[in-house]
Amino acid sequence: MSTPHSSSTSSAPHRASPPQIPESLTLAATASSGSPSSSSASGMRDAAEDDSDSPPSQMSEDDPGGGGGGGGGGDRWEPDLRGGNGGTGRWAPPDQVLENVLESVLEFLTAARDRNAASLVCRSWYRAEAQTRRELFIGNCYAVSPRRAVERFGGLRSVVLKGKPRFADFSLVPYGWGAYVSPWVAALGPAYPRLERICLKRMTVSDDDLDLVAKSFPLFRELSLVCCDGFSTAGLATIAGRCRHLCVLDLIEDYVEDEEDELVDWISRFPESNTSLESLVFDCVSVPFNFEALEALVARSPALRRLRVNHHVSVEQLRRLMARAPQLTHFGTGAFRSEAAPGGGLSVTELATSFAASRSLICLSGFRDVNPEYLPAIYPVCAKLTSLNFSFASLTAEELKPVIRNCINLRTFWVLDTVGDEGLRAVADTCSDLRELRVFPLDASEDSEGSVSDVGLQAISEGCPKLESILYFCQRMTNAAVIAMSKNCPDLVVFRLCIMGRHRPDRITGEPMDDGFGAIVMNCKKLTRLSVSGLLTDKAFAYIGKYGKLIKTLSVAFAGNSDMSLQYIFEGCTKLQKLEVRDSPFSDKGLLSGMNYFYNMRFLWMNSCRLTTRGCKDVAQQMQNLVVEVIKDHSDDEGEAEIVDKLYLYRSLAGPRNDAPPFVTLL
């Protein structure tokens, strides 16, 4: 059902004075891709995102090369932070001594917030912090230019970059939107020859980029690609073959672009001697690979602790890998079915013996094409598991219950909704120490039946009082169940309830879901991330604005009944960093009510609302340090449409990007 649009425009609300641009803007601006997904649920598995533990991320607007302030003109002595006193004397002026001491102290400062705060004290602290920073987190690759980053930070060892908006996980960002890593790799290479770690999320990475990474960083140890696309097994072969010190190669929810006749045997490119591998994750690489090469690689990798293989691995091959690596702590099982004819495959007892020998296992995932008959084989390790991921396994409640009853120490559990409310009751009865639960839909369409409901949610809230994070997809919900969760699980930090059907009310009373979400923000005092959906009125958003003072990320779908909803959010949620809105009746008036708050946010994403080009232009004209992108749904649309399909607004020190495709208009 399409959302009605309005072509009417509104002016910005009256303000006493225009918003002041802060002296310093943070570097991190937003967080994965328009690439194909293997299933309706797989694109949602990595939709979660929390930057609270990210490396230091702020960049002041002060000129990196600026002086220390004060008079003195051209005769003023300037300390050389890169090379001592620059060879002009044998003594260190007092300022230099103080900065040397400060650098030594800052070496022990590791928390992101502490480092960001230290860099804003004064220019001396700004320079010292820049020279001692070893990890850089950039939440939006367009928030700052690569040149500016490398000019400021002189000794980085680790870089984390995020690209596309998070709604790319739901195929809402058109393919080819951008987020190319090429300019970053080109800049990082000459600046940081000692770089050891690169983590990319929702970025387009080519084989040439991977080749340049392998050539540029001789001490390179860790590459993590999350929800990325654009590369193939040829690029992976380059990394495996040239990065001789590689410890981590994690490929998570990526789209690897390979044709059958272009496959490269990348596994066999790892060094033939003992490797330093600690983590190898490639369960998202859907193409076949050389299993014998993998088995040999595992055997000569004594430090390997994490291994996740793709669906081409059978239980027979799984057993061989486990025999080679009994030290594994995290294991992704592949298909978890036999490749032999019925009756001639590996027995459950034989497989169970292999699991029993893996005494260090605490995390299991995979089960991508599971044969439930083999599930009893994991019973020997269930009691030690702290994390179990069944989000690719279409299990029934009867198939789940014998497994979950053995998982008494589970803290993280991901599962498909095929287990139903009955399966969730079994989880609640056993896993009293559970901290994170994610329930994904087998069918994510709006008119699907859905197998879990308020019954399962209430059971979880009663049996898992220590719960801190929940993602719950369903079609039927009640205020009573949500209120019960708010009371039974007061330590919730993340609450994401996704009612997939549009404007679904309380299934029993027919009332809006306002009171349920109101109870969540009132009773869960630690809440920092919230996703709302279902039939919601302005009343729910008034609750969120009044009580959600710690909320940093808010996602809104099919909700609200007027622009007052947005105004409540902007005025009340003072710590809001990321706001995502889809298919909601908000117009230019609601958008303009946030004019005083956009500079304090990383980004705003709105699609299928009632925005007009004129309203978006008003924001762009009045807020020069923000980038305002208007994105069309179809790249072949010509001319300027009055109604805006998608709006992406973010702050940037670099200004508008220069690689926007034709369907993106920069205002």
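Along the chain as shown, the residues are counted starting at 1.
In case you wondered, yes, glycine gets a Cβ from its N, Cα and C as well.
Predicted automatically and left uncurated, TrEMBL annotations should be read as such.
In TrEMBL this protein carries:
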type     : residues : note
COMPBIAS : 1-43     : compositional bias 'Low complexity'
COMPBIAS : 65-74    : compositional bias 'Gly residues'
DOMAIN   : 95-134   : domain 'COI1 F-box'
DOMAIN   : 156-200  : domain 'Transport inhibitor response 1'
REGION   : 1-94     : region 'Disordered'
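Across the domain 'COI1 F-box' (95-134), DSSP assigns 30 helix, 0 strand, 10 coil.
Break the domain 'Transport inhibitor response 1' (156-200) down by DSSP state and the numbers are 15 helix, 10 strand, 20 coil. The average pLDDT for the domain 'COI1 F-box' (95-134) in the predicted structure is 80.
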